[in-house]
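Let me begin by presenting the structure, written as structure tokens, before commenting on it.
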Amino acid sequence: MYENKEKKSTKVCRICSLEIIETEQYYFLNKDNKLMLQFKLLNLLPEIDLNITPNPIACNRCTVAIEEIYEFKQLCIQTETTIKKFSQQGAIKEEDELHADNIKVKTHLVHKNVKVQCNCKITFKCNLCDYCGTTKLSLKRHMYTHTVGKSFKCSICGYCFTFKSYLIRHMFKHTTDKPFKCNICDYRCTVKFDLKRHMCTHTREKPYKCNICDYCCIIKSSLKRHMCTHTGEKQFKCNICGYGTITVSHLKTHMHKHTNEKPYKCNICDYSTIIMSNLKTHIRKHNDEKPFQCNTCNYCCTVKADLIKHMCMHTGEKPFKCNTCVYCCTTKSDLKRHMCTHTGEKQFKCSICNYCCIIKSDLKKHMCTHTGEKPFKCSICNYCCIIKSDLKRHMCTHTGEKPFKCNLCNYCAITMWKLKIHMRKHTDEKPFKCNMCDYCTITMSYLKRHMRLHTGE
């Protein structure tokens, strides 16, 4: 935190220009562990230019003064915000009496001859963005996102972190040491908190509940994120395009789109991505690793989301419901895609022709019609195609494999989509409805064919 030097050369404080005696503590303002001090100084005195002199030093007296004055400034701002908040709630007929301690402000208001006592938590607000923290420590940690960036780097994979504690936790991933073990299954982890979260999968306990809807979850941060869906709050905003999101990690991922940076690279092929989890999923394809297995049939996959989606085929559950029509589906992405049929929005546009679509993969597929590229080739015959799933489906014509089986009859199919359509025959579900008559059907193609009876095409 500080350095004691016993050199005979005279050192001078950059802030007060007084000489620093040999036994006095002093601090380098441009060192990583003092960037927060530098931020506070420049916040109080933006006129100071620390780049004029190399290795600027602050004496202990000035360091203490900066901390106290900055804290006093924040207290004044928070008090002003609180008083304005109460004054907007109703007329204040006599002077407020404020008693401030570390976390609470008690305000006694006399309104309509009734004495009201309000207990209000002070929030610590960032003066660079809209972030508000409930504790001084949370604000301090947040300020590192403005000042330090990611200064703690993993020496093995190059992944960077804002805090040293995050790097220490990450390093366990490179070792086989996972000291925390579940006493019910074989699950092991590097952090006690992860084990606690995992145990909830056995107990089915979801301790954090939304007080507006029926949502409940295992992690407090998930509830906090969920609450933003009710308030519409998106506190993390892009300063280039105005994009807003509810988590800082989503904003960081978004910023890569502006820089065209894809920091996560596969060491086997040329694949690169902006999201670490995408790289992990990609690596599994090289290793032919499918860790997520269905306990009802032989289905296994590389991504947990695919397994959850698959399990809905067995249970018939469709948790995502459209609030405009009766449509419901197994994944959030399917619902999002469906909602575009109501809004008419087609956000993905071709840069060569007027084609636009709802799904990014459809645009990618369309672009191949301009380039003539068919990158996926069959190793048995001359068949080649634009997308990998088409090749996978084609390979089943050689092997005769039909991996998707109905659990109600003997029907089996090459694709999950065909099985999904088949399941509607059992459930009598007909999601595609004609808006001109009472006709409804199990597939969109049947509906299109029916519509020709009305249009005369």
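Cβ from N, Cα, C; glycine included.
Record features, source TrEMBL:
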- 124-151: domain 'C2H2-type' (DOMAIN)
- 152-179: domain 'C2H2-type' (DOMAIN)
- 180-207: domain 'C2H2-type' (DOMAIN)
- 208-235: domain 'C2H2-type' (DOMAIN)
- 236-263: domain 'C2H2-type' (DOMAIN)
- 264-291: domain 'C2H2-type' (DOMAIN)
- 292-319: domain 'C2H2-type' (DOMAIN)
- 320-347: domain 'C2H2-type' (DOMAIN)
- 348-375: domain 'C2H2-type' (DOMAIN)
- 376-403: domain 'C2H2-type' (DOMAIN)
- 404-431: domain 'C2H2-type' (DOMAIN)
- 432-457: domain 'C2H2-type' (DOMAIN)
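Counting residues 6+ beyond its ends, the domain 'C2H2-type' (320-347) has Cβ neighbours under 8 Å at 305, 308-309, 312-313, 356-359, 431 in the same chain. Each residue of the domain 'C2H2-type' (180-207) gets a DSSP state, and the totals for helix, strand and coil are 12 helix, 4 strand, 12 coil. Across the domain 'C2H2-type' (376-403), DSSP helix (H, G, I), strand (E, B) and coil residues number 12 helix, 4 strand, 12 coil. Confidence annotation: the domain 'C2H2-type' (348-375) carries a mean pLDDT of 85 in the model.
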